[in-house]
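Listed in TrEMBL for this protein:
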- A:G165, A:R166, A:S167, A:T231: NADP(+) binding site (BINDING)
- A:7-120: domain 'Tetrahydrofolate dehydrogenase/cyclohydrolase catalytic' (DOMAIN)
- A:139-280: domain 'Tetrahydrofolate dehydrogenase/cyclohydrolase NAD(P)-binding' (DOMAIN)
2 protein chains.
Amino acid sequence: MDTTSLIGKELAAAINADTKQRAAALAETGAAPRLALVIPNDDPASAWYVKSLNRAAERNGIACENVDLGVDATAEEIRAKLTELSLDPSVDAIMLQTPLPKGVGLDDVSSAIASAKDVDGVSPLSLGLLAAGLPGFPPATAEAVVELAKFHEIPLAGRHVAVVGRSNVVGKPLLQLLLAENATVTIAHSRTIDLPAVTSAADVVVAAVGRAGLITADHVREGAVVIDVGTNEDENGNITGDVNADSVTGKASALSPVPGGVGPVTTALLMRHVVQAAESAR
Amino acid sequence: MDTTSLIGKELAAAINADTKQRAAALAETGAAPRLALVIPNDDPASAWYVKSLNRAAERNGIACENVDLGVDATAEEIRAKLTELSLDPSVDAIMLQTPLPKGVGLDDVSSAIASAKDVDGVSPLSLGLLAAGLPGFPPATAEAVVELAKFHEIPLAGRHVAVVGRSNVVGKPLLQLLLAENATVTIAHSRTIDLPAVTSAADVVVAAVGRAGLITADHVREGAVVIDVGTNEDENGNITGDVNADSVTGKASALSPVPGGVGPVTTALLMRHVVQAAESAR
């Protein structure tokens, strides 16, 4: 079977074209949308991601400010900064970068981000709004999976989707988005017994577990669609997915590449969220 | 195959014995725990449920106040009352009764319940705290399913549980509780294609959809456990479940009865939540 590549570039470009226009309209009538990146680490991968967000913001006409708190920031300091930015009317959107300093949990600080500015949907309230089907920002990675599937005309309503991974940033919010699309959803994880049997029952398999090459042909039934959310760094510094692409190619009907699949769509959706937050605030 | 009845009475009694003791301890050192029931309807089923909560509170040494807002209450009036009770230090716990007046959605008002007093876990923040694994009250019905299974020594970790129903009050929170127990969870609903095939793949089937007798032997594999959350009123005013008990008996290894299964455990957990809220507040 031919395996279609679910490339994200074209969709990301379409989203960005719209975002750029909306950002320009905001800039004309007042100020450009403004995103604050709060950085409480000195992690190279985080620095690389911050740079890519800076560039994406610039390309879209979004003002982006890096708020460096240093690797020794306490939970109180991080919360105080997030609260200050939440109250600052000149800031439209806030993203907190991970990893957090030792001993600080995301849950200790994320609730200090006002949900109207929580463009990556990390706070408990944002998670709850999503679960309740109320207005709020879903985590961009989870949303990117659904948008990528829709763009490539993969039906979700009534279909059985298996999500491997139950994180608060991908697995759990993705489940809510898939239910909203009327999919039947199975959520599997490290404690699942006989993962290949569970995922082979699904029409669509989403790998969001953070283990390079975990999903092989044994996990996928003939003709299934596979979406790879993994971004694992190999020993040479290359990004690889959670799916063993060589193994599933020829058995799956479609597979999203890593890099170049979910990733670019995630960044484009984050920028769209910034513009949406700015539009709502003004 | 013999089908064990997953009766809730004994577990409910054990929970209530503990609750009663803790309520008495609170009353001795200050005041009895206090629950406010906010009633914006004149619905007979709601009135019946309010009476049963009043009795349960009385039996457990919990002060219970019925706040009748009438069937014409507006969303603003309901929110104002919920806010007032949330700020009142003499009130430990708040439950909003449904149905709500015409045109008022639960989502329009539930966020006015302070999460520390939201003993039935209905607000978006409570849903999000549950999803994030943070302290908060889960909806009692969802928690009752898990507690009933544990009491009857039904293993959940690693097992495949199918939940039929995706409501904000049962299906979605139950999913979070089951993931926290390390179950593999499938959530199915009215739009699921081939429901019998989906549920037959599971070790445990939970029916929480509100359609009398929907789940039959065709939906359950030999030896599976079936938990029935349904409370449907038939034409004679009797309560029946979502499971056709005659049909699954002999095929399932265990089935919770309706009434007498999940129901009494739900009420007992609500009363426990009231005491927990009071203990945290003092």
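Cβ from N, Cα, C; glycine included.
All TrEMBL annotations are machine predictions without curation.
It should be emphasised that the depicted structure is a prediction, and the values quoted were computed from it without experimental measurement.
All chains included, 23 other C-beta atoms sit within 10 angstroms of the C-beta of A:G165 (NADP(+) binding site). Note: the domain 'Tetrahydrofolate dehydrogenase/cyclohydrolase NAD(P)-binding' (A:139-280) comprises 54 helix, 28 strand, 60 coil (DSSP; helix = H, G, I, strand = E, B). Counting residues of the domain 'Tetrahydrofolate dehydrogenase/cyclohydrolase catalytic' (A:7-120) by DSSP class, helix then strand then coil, yields 61 helix, 17 strand, 36 coil. Around the Cβ of A:T231 (NADP(+) binding site), 19 further Cβ atoms fall within 10 Å across all displayed protein chains. Proximity to chain B (CB-CB distance below 8 Å) holds for none of the binding-site residues A:G165, A:S167, A:T231.
Residues A:G165, A:R166, A:S167, A:T231 are recorded as binding NADP(+); their most distant pair of Cα atoms lies 16 Å apart.
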